[in-house]
Amino acid sequence: MPQLGLLHGRAWATLLGQLRQSPGALCLRAVHSHSQVSEAVLTSQLKPHQEKSNIIIKTPKGTRDLGPQQMVVREKILDTVVSCFKRHGAKGLDTPAFELKEMLTEKYGEDSGLIYDLKDQGGELLSLRYDLTVPFARYLAMNKLKKMKRYHVGKVWRRESPTIAQGRYREFCQCDFDIAGQFDPMIPDAECLKIICEILNGLQLGDFLIKVNDRRVLDGMFAVCGVPESKFRAICSSIDKLDKISWKDVRHEMVAKKGLAPEVADRIGDYVQCHGGVSLVEEMFQDPRISQNKQALEGLGDLKLLFEYLTLFGIAGKISFDLSLARGLDYYTGVIYEAVLLQTPAQPEEEPLNLGSVAAGGRYDGLVGMFDPNGHNVPCVGLSIGVERIFSIMEHRMKTSSEKIRTTETQVFVATPQKNFLQERLKLIAELWDAGIKAELLYKNNPKLLTQLHYCENMGIPLAVIIGEQELKEGVIKLRSVPSREEVAIKRENLVAEIQKRLSES
């Protein structure tokens, strides 16, 4: 019998025809299977040549690559954020990029439709994490923790229509800070607002305002306006869109799509246009309708206390009590807040960027209990920094600025003016690396000195060390200041100390 691997085309058809008339069914199945494999291999060999010209190389919708210059800006943002979190005593935490689907369902209200589900690969139904808050609550419940102050930096995924110009993506980075545990009212909440102020001031994004509300005030307002309790979360989701669409459009959605009575929607409209400081909190205490709702009064009492602490922190002027703030996620139970930029840095002739909120958060006292078998709750409050939106602002600023951004941190370049000095360069750079100095050289045996010096200038490397025959003979190294082009001879044994001294002074 001929070797199966050599058969193809008509030979296969002839052989298969003969085998079908033969009682050797096992042989037939083996040959037929091998035929399919061979044809698949042949097809796969042909396809790359046939279809290569039709391939569009791009990133998936709602995602992006970050080049070296962009990474410098991003790392600066993350360093500012994380150093602030650590300054306030937070511990680091990481959780899986995907969770069991049942862990994420019924936690996000209408936004649950934006969760990415993964194809079942091994008996578990999985979804990519939507935020970092729900995984944190799961972690607390799973490990039976009653108290924790943590920060978490990681990617999350949302299956929404991306608007790249406004810093909205399907894959994006979140920076979260949360305080879990039973504490006296509003002290952790006030610290979260202080952290947002410190970070936004540190990033120098311009003037900003933090809107504050309370879910209990919001629910109390819905109740006294006549919203059925079954519609609270749905109406809350509509109100949450007021920073993106007009009141007229929100009202239409509530009435036409969610079945709210027009007169009820109009009563809500009277309240959601109110915003101010602690004086508005006092005013709401006297409101004839709101003052009749126990839940709303509890929320107003906490907000009054919150403003006292914010005044002591020196940030009350940055906070606005805003009854239109809703935060659409279902798990919030108390104080909620959202930071918006009042003006975005831009050139006078350019359109300002409209980026929405750059930080947000709130209190979620019931989320951990949703994971605990006995329903034991751990009160939590936290915040999330909108890294992608902040990055969009800083990237916009970078493009309009003439400032050159260094993409490496190299401090010293090892150069030579002569041929056959690779071994000496390698010994010298190893000495610098071992001393903790960030150093580079060109990966060539005999590079030209001008090429090496041009590289230093183009990359913004401040110092260059030059070794040649004369330096080797005299036991010295030339140390060159790249910006000034001044050179001095340093004894080989003193080189590391001299470099470290210069770097500490710069």
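Cβ from N, Cα, C; glycine included.
Per TrEMBL, the feature domain 'Aminoacyl-transfer RNA synthetases class-II family profile' maps to 62-417.
Among the features that TrEMBL reports, L-histidine binding site is placed at ASP131, LEU132, THR133, ARG158, GLN174, ASP178, ARG327, TYR331, TYR332. The local packing around GLN174 (L-histidine binding site), expressed as other Cβ atoms within 10 Å of its Cβ over all shown chains, amounts to 18.
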Worksheet item: CB neighbours of THR133 (L-histidine binding site) within 10 A?
Response: 26
Fill in: Other CB atoms within 10 A, centred on TYR332 (L-histidine binding site)
24
Discussion item. Around the C-beta of ARG327 (L-histidine binding site), how many further C-beta atoms are within 10 angstroms, looking at every protein chain?
Written reply: 22
